[in-house]
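Read through the structure below, which is laid out as structure tokens, and then see the notes.
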Amino acid sequence: MSNKIAILLTVLIAVVACARAQPSRRHPLVQPRSPHGSGHRIVGGFEINVSDTPYQVSLQYINSHRCGGSVLNSKWVLTAAHCTDGLQAFTLTVRLGSSRHASSGTVVNVARIVEHPKYNEYNTDYDYALLELESELTFSDVVQPVALPEQDEAVDAGTMTIVSGWGSTKSATESNAILRAANVPTVDQEECREAYSHDAITDRMLCAGYQQGGKDACQGDSGGPLVADGKLIGVVSWGSGCAQPGYPGVYARVAVVRNWVREISGV
């Protein structure tokens, strides 16, 4: 009997370890009462005003916060392809100029979705989608485009960044109403590949976070901005859980598709 119990415990430990290692996309919360929880913000971060990140938008599916996004110019927003995969443009809007995803600011309809032609839903490679807006934006101190890197512009490991959004905080005590941000350093590409697997982390991906965890993007932040020195270097994409030790957040690297963004949007 004791041998059977020992075998069962060994199998259980292996299953749990395997589950923790499986990367999960920062899938949006389609319904406000998702079984994943009702929180909507960055883990381990701090509240900010949208004027601190005026390029930030809330991408909304049938009037509910789904993902983040970044203003590129008066007609285009960049988000993650896994946020728009399988959806029609008429079901989407963006809210801009508000620190709250559910009120205030300006709401604009999405006219067209352009996902990257190489987007792979199975490994989340090329996780980029451009959204053409129905009407032009009016810029102000709370609505501004973000600067973009040049094609293939490198980002040094250890570069401090800011990631923002309304994704899950994993905390029952924090309000889900206000925009949050966290400062996280970029991680060496090889270190990130060792954390996950060499096949999981492609050249279109960029990692950021602390070895000890504690600060990260999470569900509901997908598609949102990772900015360094005023430039949009990443799009919130996926990770193993949220803010887990040893597993940095994974972002879609913007510099790799700079020419594609320019070709589609003119930016």
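Positions of Cβ are set from backbone N, Cα and C atoms, glycine also.
Just so it is clear, the model here is predicted, and its values are computed rather than measured.
If you look up Swiss-Prot, you'll see His82, Asp127, Ser222 marked as active site, charge relay system, on the strength of similarity to another entry. Positions annotated as disulfide bond by Swiss-Prot: Cys67-Cys83, Cys192-Cys207, Cys218-Cys242. If you look up Swiss-Prot, you'll see 42-266 marked as domain 'Peptidase S1', on the strength of sequence analysis. Summarising the annotation, Swiss-Prot assigns signal peptide to 1-18 and lists sequence analysis as the type of evidence. The site 'Required for specificity' annotation in Swiss-Prot covers Asp216.
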Going by C-alpha distance, which of the active-site residues His82, Asp127, Ser222 is nearest to Cys67 (disulfide bond)? Ser222
A 10 Å Cβ contact count, applied to the disulfide-bonded residues Cys83, Cys242: which residue has the minimum? Cys242
Can you figure out which of His82, Asp127, Ser222 (the active-site residues) comes closest in space to Cys242 (disulfide bond), comparing Cα atoms? Ser222
Cβ contacts within 10 Å for Ser222 (active site, charge relay system), all chains included, total 31
Among the recorded positions Asp127, Cys192, Cys207, whose Cα is within 10 A of the Cα of Cys83 (disulfide bond)? Asp127
Within 10 Å of His82 (active site, charge relay system) (Cα to Cα), which of the recorded positions Asp127, Cys192, Cys207, Ser222 do you find? Asp127, Ser222
Could you check which of the recorded positions Cys192, Cys207, Ser222 is the closest Cα neighbour of Asp127 (active site, charge relay system)? Ser222
Does anything in the same chain, at least 6 positions from Cys207 (disulfide bond), have a Cβ under 8 Å from its Cβ, and if so what? Thr186, Val187, Gln189, Glu191, Cys192, Ala195, Ile201, Pro248, Gly249, Val250, Tyr251
Would you identify which of the disulfide-bonded residues Cys67, Cys192 has the most other C-beta atoms lying within 10 angstroms of its C-beta? Cys67
Let me make sure I understand the structure: which of the active-site residues listed (His82, Asp127) has the fewest other Cβ atoms within 10 A of its Cβ? His82
Can you see whether DSSP assigns Cys67 (disulfide bond) to helix, strand or coil? strand
In the three-state DSSP scheme, Cys207 (disulfide bond) belongs to strand
For Cys242 (disulfide bond), what is the secondary structure by DSSP, using just helix, strand and coil? coil
